[in-house]
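Enquirer: Checked Swiss-Prot, it gives:
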type	residues	note
BINDING	78, 79, 80, 91, 95, 96, 97	substrate binding site
COMPBIAS	140-151	compositional bias 'Basic and acidic residues'
REGION	140-163	region 'Disordered'
């Protein structure tokens with residue numbers, strides 16, 4: 001399966017798998033901005049941005065992708081950043097639809113208790129490709145069939161098996 005990729009900036013790094021059987025392609029930082037500056041053009045002299053506890057930033061990768069119908073790309077966190085620094089994705093997974101051809105952005109949030117510097121070329125997320133069922137149609141009904149679970153919501157099936 002082939003996915004087309006385009007550099008939107010000459011310094012953008014093409015995502016790569018780190019091992020042969022890795023599910024995700026690592027996404028690299030081209031630059032990063034605070035949310036209110038998301039529409040700014042790419043910064044030519046970007047080196048790093050400091051993300052403080054509770055703060056969020058938009059990482060721009062400088063790449064765009066084009067997939068075939070029936071696919072989506074998911075932007076997912078990297079476990080090492082989450083474990084060591086409390087850095088994760090605010091909207092995880094982020095969805096890149098098959099018809100979106102703009103910059104593949106990454107919304108990072110610092111859930112840790114210390115600031116973290118996000119530098120140009122850092123690997124901050126991974127891109128995983130998944131099938132999508134576009135032929136699904138929603139059909140409104142007055143009632144739904146009975147199931148064993150019914151409308152039991154969060155925590156309804158229990159937390160652990162201890163008495």
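Using N, Cα and C of the backbone, Cβ positions are placed for all residues, glycine too.
Quick caveat, the model's predicted, so the values are computed rather than measured.
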Enquirer: On the DSSP side of things, how many residues of the compositional bias 'Basic and acidic residues' (140-151) fall into helix, strand and coil, could you say?
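Expert: Going through the compositional bias 'Basic and acidic residues' (140-151) residue by residue, I get 0 helix, 0 strand, 12 coil.
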Enquirer: Can you tell me how spread out the substrate site is, meaning the largest CA to CA distance among 78, 79, 80, 91, 95, 96, 97, in Å?
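Expert: Greatest Cα separation within the listed binding residues comes to 26 Å.
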Enquirer: So if I draw a 10 Å sphere around the Cβ of residue 97 (substrate binding site), how many other Cβ atoms end up inside it?
Expert: 11
Enquirer: In DSSP terms, helix, strand or coil for residue 91 (substrate binding site)?
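Expert: DSSP call for residue 91 (substrate binding site): coil, neither helix nor strand.
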Enquirer: Have a look at the binding-site residues (78, 79, 96) and report the one with the fewest Cβ neighbours inside 10 Å.
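Expert: Sparsest of the binding-site residues 78, 79, 96 by Cβ contacts within 10 Å: 79.
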